[in-house]
Structures are given as C-alpha cells and as structure tokens.
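Enquirer: Here it is, the structure, as structure tokens.
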Amino acid sequence: MSAPRTLYDKIFDDHLVDRQDDGTCLLYIDRHLVHEVTSPQAFEGLRMAGRKVHAPTRTLAVVDHNVPTTPDRAEGIKNEESRIQVEALAKNAADFGVEYYSEKDKRQGIVHIVGPEQGFTLPGMTIVCGDSHTSTHGAFGALAHGIGTSEVEHVLATQTLIQKKAKNMLVRVDGKLPAGVTAKDIILAIIGEIGTAGGTGHVIEFAGEAIEALSMEGRMTVCNMTIEGGARAGLIAPDEKTFEYIKGKPRAPKGEELEMALQYWKTLHTDEGAHFDRTVVLDAANLPPIVSWGSSPEDVISVQGVVPNPDDIADENKRTSKWRALDYMGLKPGTKITDITIDRVFIGSCTNGRIEDLRAAAAVLKDRKVASTVSAMVVPGSGLVKEQAEAEGLDKIFLDAGCEWREPGCSMCLAMNDDRLKPEERCASTSNRNFEGRQGYKGRTHLVSPAMAAAAAIAGHFVDIREWK
C-alpha cells in the first residue's frame with residue numbers, strides 16, 4: 001500500500017516524465033497561457049531555431065497587460081513599446097498556430113480570468129504562464145505557477161518544464177467568516193501572518209471550513225496572491241462547486257468525457273495522514289476587513305487598527321525597511337487607518353476583477369456618490385465579465401455613482417499602460433501588489449477588498465465595511 005499523498009504530490013507524480021538523481025524533474029505541462037509581455041523573445045527563439053510550437057491546442061494567447069481600457073481603445077495603442085508587444089503577439093500566434101484573443105474579441109481579458117471562464121483551466125492539470133499570478137488557477141485543484149521567458153520558450157517547444165519538487169505547506173482557515181470579511185481579507189491576513197517569504201520553497205494547499213465555503217471566484221482570489229506569500233503555487237482541492245463552475249464552459253469536457261473527468265477529479269484531494277512540511281492555522285471568526293499600510297503585501301492591519309511603529313520591531317534591517325515604507329507612503333505611526341484619505345480607487349485586476357467582485361462593489365455604491373475628492377475606476381477582468389455586469393445593470397450603478405466604467409485589461413494593477421497613479425496619489429486598490437511604483441511613479445497603494453474599496457470611494461477615506469450603513 002502506497003504512502004498517503006498530498007494533492008500537490010498527486011498532481012506532480014501524475015505529470016512526472018523523468019527524475020534525475022539530484023532531484024531535477026521533467027514535468028509534462030497540460031496548459032500554457034501566453035500574454036504579450038513575456039512571450040516575444042520566446043517566440044523569436046523558436047523562429048531562430050526553426051522550431052514549431054509542440055502543442056498549439058494546449059496553448060492560449062491573450063493580450064492583457066498593455067492594452068488601453070478606455071472606450072477609444074479601438075483606435076489603437078498610443079505607446080510605441082506597448083503597441084509593438086501587442087502586434088508581436090498577434091503575429092506570433094498567427095505564425096505558430098496558437099489561438100489568440102485580441103482586444104477586439106469579447107473573450108479577451110486578463111489571462112488568469114480568461115483561462116477559467118473558457119474551461120481551459122481544469123482540475124489536476126499542470127498550468128504555466130509567464131506571469132507570477134498564474135497561481136490563480138490553483139483554485140481548481142490545478143498545479144499552476146509562473147515561469148520565466150526562457151521557460152516559456154522551453155514549454156512552447158517541448159510541452160515540458162524542468163524543475164525540482166517543492167515542499168508541502170498547509171494553510172487551514174477554520175470556522176466561518178464574519179459578515180463583511182471576504183476572500184481578499186483571508187489572503188491578506190495569511191500573508192500578514194506568514195510574511196512574504198513564509199511560503200518560499202513550498203506549494204501551499206489552502207483548506208478548512210472558511211476556504212470550502214468560498215465561491216470559485218473567492219478561491220481564485222486566495223490562490224492568486226499565493227505568490228505574495230512566497231510560494232510559487234497554491235492549491236484548493238476541487239469539489240462540487242468546482243465541477244458546477246466548469247460544466248458548460250466552452251473548452252470543458254462534455255458528455256462521456258466529462259463523466260470520465262469527474263471520476264479522476266474526485267480523487268484530487270489530500271489523503272488522510274499525508275505529510276506537510278509546515279502547517280499554519282487561522283481562525284476565520286477573528287479575521288477583520290484588512291488594509292495594507294506599507295509597500296509590501298505583508299504590511300497589513302485591521303481597518304480598525306493604527307499604522308504600526310517600526311521602532312517596535314527588533315530586527316534592524318526590517319525596522320529600517322518599514323520606516324522607509326512609511327516615508328514612501330507618507331504615513332506616520334499611530335495614524336488610524338480610518339483617518340487615511342484617498343485620491344483614487346481601482347476596482348479590478350486578476351485578483352478582484354470577476355463578476356462576484358463587481359457585484360460586491362456595486363452593492364456598496366448603489367444609490368450613492370463617489371466623494372468629490374476621489375476618482376474611481378472599475379475595470380472588468382474580461383469582456384465576458386463586462387457583458388455579464390452590463391446585463392445585470394452594474395455598469396449603470398457604477399456610472400451613476402461617478403465611477404469610470406472601462407474596457408477589460410490589467411489596467412492600474414501595474415504601470416504598463418495608461419492607467420496609473422500620479423506621484424504621491426493614494427489609491428485604495430483591489431489588486432495584489434503595493435510595491436513602490438507598482439501603480440505609477442511614487443504612487444501609494446493600499447490593498448483592500450472590492451467592498452472596502454467602494455466604501456472608501458464614497459467616504460473619501462477608509463471605513464469599516466462592517467459598520468457601513
């Protein structure tokens with residue numbers, strides 16, 4: 001009888017092509033997602049070597065990082081570098097026979113939102129993309145992680161990847177979430193607990209009652225930010241919610257193929273007694289709505305808290321780092337989080353750009369107005385999310401409140417397109433990173449949930465969504 005295995009062990013073993021004596025492994029890759037920023041050199045490498053894409057039907061190309069989100073984007077991309085990258089992806093996809101969703105295709109959107117909604121992402125698969133937030137797809141019980149540009153070329157050419165097996169880490173969130181606390185708060189709390197290096201060298205499996213209670217959208221939010229916790233990939237075991245989400249998706253198996261797939265998918269869970277190298281347990285009942293205060297995703301605190309004093313930190317290097325973060329953010333120790341005023345609000349990204357996220361923001365904004373001192377932008381994560389939101393009338397709620405309603409794309413999550421902060425502008429953002437300059441030169445980012453961002457847009461400062469009337 002074989003030893004009990006974790007979910008990660010099972011998927012890894014099922015895709016193992018070869019293992020060397022030093023632990024170096026060759027894994028088969030089921031799905032490869034491609035976007036315009038990390039793929040040009042990879043395709044050029046294939047072209048120069050006279051190689052083909054090994055499995056074009058297992059590859060999907062989507063433009064997302066550089067595309068404008070303004071209504072006039074059909075007129076073209078003004079920034080030359082961005083335009084060249086987008087044009088290169090279109091040409092490369094055509095030359096190598098890879099399916100491509102351009103900015104004119106309603107299926108276009110952020111690659112990590114497009115994959116699941118197309119049924120391209122399925123349980124038990126290995127999935128890679130030249131993007132660190134590929135961990136999002138782990139919400140389906142898939143082993144998914146980002147890869148570098150040279151690895152993109154390797155996967156295109158061979159449909160395999162060289163890597164060493166990671167350690168197993170379990171993060172269990174027990175109990176029920178209080179009202180007003182969301183998947184975004186769960187993952188921010190986890191990162192606050194373990195730090196941005198806490199998962200280094202591990203694949204994290206998220207489990208527990210609070211995780212199981214999340215919708216698929218919520219699970220994607222949690223897995224999306226696994227990389228901010230230091231782990232390359234995050235996993236959640238698939239269940240009936242997963243299967244129902246997948247059924248009927250364009251690329252999902254159907255009929256007898258679906259029945260066969262379900263038999264396999266139902267084996268994708270950690271065996272009782274399987275070994276984890278590290279376990280972290282959180283109590284969902286104690287989790288508050290969370291706001292980041294510094295320039296790292298681990299710099300988080302309850303909305304009812306105050307900006308911490310770095311002098312309370314014993315480690316000199318960490319203390320210096322946190323003082324630098326406060327200086328960059330223009331904040332002082334002891335400041336109440338609810339006293340921090342904001343200039344901008346960004347609702348979107350591969351973390352929180354799905355229909356559930358937009359519904360949560362719209363529920364707060366309905367029949368209210370964005371503060372006169374705040375500029376708010378809502379960017380759906382895909383053309384299909386946009387279509388669904390408009391069918392539900394969410395766009396009208398956003399526009400009536402004074403928000404901008406945009407076209408799909410990565411937008412203000414990162415300063416690679418026209419959506420960016422000006423120096424020292426402060427933004428309540430539903431994205432995943434608050435690094436220096438992430439949303440624009442000297443821009444100040446606070447990471448929050450969609451409902452918290454919407455409430456801040458109305459109040460002009462952070463508020464506790466649990467007390468929102």
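Cβ coordinates are placed from backbone N, Cα and C, and glycine is handled just like the others.
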Enquirer: Since Swiss-Prot lists C410, C413 for [4Fe-4S] cluster, which candidate among C223, C350, C427 does it give for that site as well?
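Expert: Record check against Swiss-Prot: [4Fe-4S] cluster site with C410, C413, extra candidate from C223, C350, C427 is C350.
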Enquirer: Are there any residues at least 6 positions away along the chain from C350 ([4Fe-4S] cluster binding site) with a Cβ closer than 8 Å to its Cβ? List them or say none.
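Expert: For C350 ([4Fe-4S] cluster binding site), the qualifying residues are I110, V111, H112, I113, H133, T136, N224, G381, C410, C413, N432.
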Enquirer: Taking the center of the Cβ atoms of C350, C410, C413 at the recorded [4Fe-4S] cluster site, which other residues in this chain have a Cβ no more than 8 Å from that point?
Expert: D64, H65, I110, H133, G348, S349, T351, G353, G381, G409, S411, L414, S431, N432
